[in-house]
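Some features that Swiss-Prot has for this protein:
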- 1-15: topological domain 'Extracellular' (TOPO_DOM)
- 16-36: transmembrane segment (TRANSMEM)
- 37-51: topological domain 'Cytoplasmic' (TOPO_DOM)
- 52-72: transmembrane segment (TRANSMEM)
- 73-86: topological domain 'Extracellular' (TOPO_DOM)
- 108-128: topological domain 'Cytoplasmic' (TOPO_DOM)
- 129-149: transmembrane segment (TRANSMEM)
- 150-161: topological domain 'Extracellular' (TOPO_DOM)
- 162-182: transmembrane segment (TRANSMEM)
- 185-205: transmembrane segment (TRANSMEM)
- 206-239: topological domain 'Extracellular' (TOPO_DOM)
- 219: N-linked glycosylation site (CARBOHYD)
- 240-260: transmembrane segment (TRANSMEM)
- 261-283: topological domain 'Cytoplasmic' (TOPO_DOM)
- 284-304: transmembrane segment (TRANSMEM)
- 305-336: topological domain 'Extracellular' (TOPO_DOM)
- 337-357: transmembrane segment (TRANSMEM)
- 358-389: topological domain 'Cytoplasmic' (TOPO_DOM)
- 390-410: transmembrane segment (TRANSMEM)
- 411-415: topological domain 'Extracellular' (TOPO_DOM)
- 416-436: transmembrane segment (TRANSMEM)
- 439-459: transmembrane segment (TRANSMEM)
- 460-519: topological domain 'Extracellular' (TOPO_DOM)
- 481: N-linked glycosylation site (CARBOHYD)
- 488: N-linked glycosylation site (CARBOHYD)
- 520-540: transmembrane segment (TRANSMEM)
- 541-620: topological domain 'Cytoplasmic' (TOPO_DOM)
């Protein structure tokens, strides 16, 4: 039975574990600042010299977006809404296949540093600038959320000053990211994934022991309606269903893994294309492992608190504080383990923030500085990259203040990626899949998708969906012992949300329809609008007349399974030709270099003749 004030507090050993995690992360950054001669060029700093291998990159990919938002938000999601969130296991598999077979081949073939370099090659400088600005806005906002999340956990379980913890998070992360570049980020991610799994495991194992085995946990979850894996309701207004998670989640996470600089920068830093693809598929195993840990933690939390919900009882002020509360409650007799869990949440944030800062520095240097200051030496560009990392670290710390105003961390984080990531995904899809889409169509499509997704996203924040669409599960106070309270809390209740939802009379008609769209469909909506509008605008503005460089498009050879399937069916002399999907080869086309593993060239340094031919994606 849970009673107020009955949880433990941080001990010396907890602080030791926590400090050790920070120290090791910082040491890794210092090591890679000097290892191998240090970060002599911007390519060394931003891309690790394009010499990374699959396993560390895979773990880094897993850690980058399995942040404190996952550590704190997903168990609370399962506790309140049930285990339907586990359907994301299917979504992750679909996303990895799309990313590795559609987007990775094109980006790797071009040997680019910033994904937005592709937009200039395929379209023009203005499209590249638009994509870069949207990415910077998206990433700074998201990073603010994931900095705030562990600070909230620390504040809840240790009494640390909330904003002091926010600053500490940003400073430590910015330090090792600035010192060691991409290699430091990747290898600290490897270490931090281990900490995340260890932290989750300590909570799960102890919960199983406390509850007498995994059986009682599953039994409590079943009778509490938490094992609600399947709900095929097609209603797009319902917060989570099979379709919102699989369809909406696929668009949201493809925007992250397929075209987001933070992820793409890692796998195109691999030394071969095979290693790059392998890193994505190994990363899938990591995603499944972290998801399983988070879901099991949520079910264990419900089993322990099924008769006395700490949130409704006001032992915690927000659902995202439930996991740190649980860790102190059940691990208080084991010095060091509460510190391990807080380190788990903190590790998730350090990995995500460092990835974001490194990506922000990359797009700023490659897209906003290098094209206009080409006379700068590589040494100077390396120092500029480090300075840019410092600046973005400070900006992200400042933006963490907004996170305190955005409600649930998990939904807020995915909503941001939906509102901005969806239109960006549509933009890259227009360039890679549709050879007739021109620059005008790309701009109109991007802005249309962004306007629509921003409209519904902001509307949903102002007028949150009602409980009828979010479908929270009942929580109980029957087992609480409120000896200091006059009221007798002995009934099953739903947490009150009236302070978050305006009165029905003040809600416009769109509030219960358009603004109540599942947050996972924000990305789907933005992508579809961007693609449809972009295609129509291009057709109306003469897009069919252009002849696009085939290196910028998806080809049949880019599908690895097609290469194996048809390898024995090619006629002699055809091996060097490239068949572009949905594209008729013209007599003026010539065979283009298909790129090699570990591309070392920089297209911005190509000869002026080649540059004119490839600029805007049109062959002169």
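Residue positions begin at 1 at the first shown residue.
Yeah, the Cβs are placed from backbone N, Cα and C, and that goes for glycine too.
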Counting across all protein chains, other CB atoms within 10 angstroms of the CB of residue 481 (N-linked glycosylation site) number 13
Ranked by Cβ pairs within a distance under 8 Å of the transmembrane segment (129-149), the first of 162-182, 240-260, 337-357 is 337-357
Quick tally over 185-205, 240-260, 337-357, 520-540 of CB pairs under 8 Å to the transmembrane segment (439-459) gives the top stretch as 520-540
Rounded to a whole number of Å, the separation of the Cα atoms of residue 219 (N-linked glycosylation site) and residue 481 (N-linked glycosylation site) comes to 24
Mapped onto three states, the DSSP assignment of residue 219 (N-linked glycosylation site) reads helix
Within the same chain, the residues 6 or more beyond the ends of the transmembrane segment (240-260) and with Cβ under 8 Å of it are 61, 65, 81, 84-85, 87-88, 90-92, 94-96, 98-99, 102-103, 115, 135, 230-234, 280, 359, 414, 417-418, 421-422, 424-425, 428, 471, 518, 520-524, 527
In the same chain, residues at least 6 away from the ends of the topological domain 'Cytoplasmic' (261-283) whose Cβ sits under 8 Å of its Cβ atoms read 46-48, 50-55, 57-62, 64-65, 96, 99-100, 103-105, 107-108, 111-116, 135, 139, 182, 186, 355-356, 358-360, 362-363, 560, 597-598
For the topological domain 'Extracellular' (411-415), the averaged pLDDT of the predicted model is 62
